[in-house]
Amino acid sequence: MPRTRECDYCGTDIEPGTGTMFVHKDGATTHFCSSKCENNADLGREARNLEWTDTARGEAGEAEDEA
């Protein structure tokens, strides 16, 4: 039974049969939901600094709760 995975970059759910799984030389795997996420990761951009990622949205919500 296929299962839903989570994008390791932006945090969104990846439907079965979609997305990209990158296997590193050491055997670790990284799942991407789109080429947008894959390219931003390759460029070394931090997901927490991009407004469209769930990671950044989660941190923004925590900052608002503290204020």
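Start at 1 and count along the chain as shown; that gives each residue its number.
Glycine is no exception: its Cβ is also placed from the backbone N, Cα and C atoms.
So that you can see what the record holds, here are the features copied from Swiss-Prot:
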- Cys7, Cys10, Cys33, Cys37: Zn(2+) binding site (BINDING)
- 7-37: zinc finger (ZN_FING)
- 48-60: compositional bias 'Basic and acidic residues' (COMPBIAS)
- 48-67: region 'Disordered' (REGION)
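Every protein chain shown contributes to the tally, and the Cβ of Cys10 (Zn(2+) binding site) ends up with 21 other Cβ atoms within 10 Å. Shown in sequence order, Cys7, Tyr9, Cys10 are the residues of the chain, 6+ apart in sequence, with a C-beta less than 8 angstroms from the C-beta of Cys37 (Zn(2+) binding site). Cβ environment of Cys33 (Zn(2+) binding site): Cys7, Tyr9, Cys10, Thr12, Asp13, Ile14, Thr18, Gly19 lie under 8 Å away, each six or more residues apart in the same chain. In the three-state DSSP assignment, the secondary structure recorded for Cys10 (Zn(2+) binding site) is coil. Cβ atoms within 8 Å of the centroid of the Cβ atoms of Cys7, Cys10, Cys33, Cys37 (the Zn(2+) site) belong to the same-chain residues Asp8, Tyr9, Gly11, Thr12, Ile14, Gly19, His31, Phe32, Ser34, Lys36, Thr53, site residues excluded. Sorting the compositional bias 'Basic and acidic residues' (48-60) by DSSP state (H, G, I as helix; E, B as strand; all else coil) yields 9 helix, 0 strand, 4 coil.
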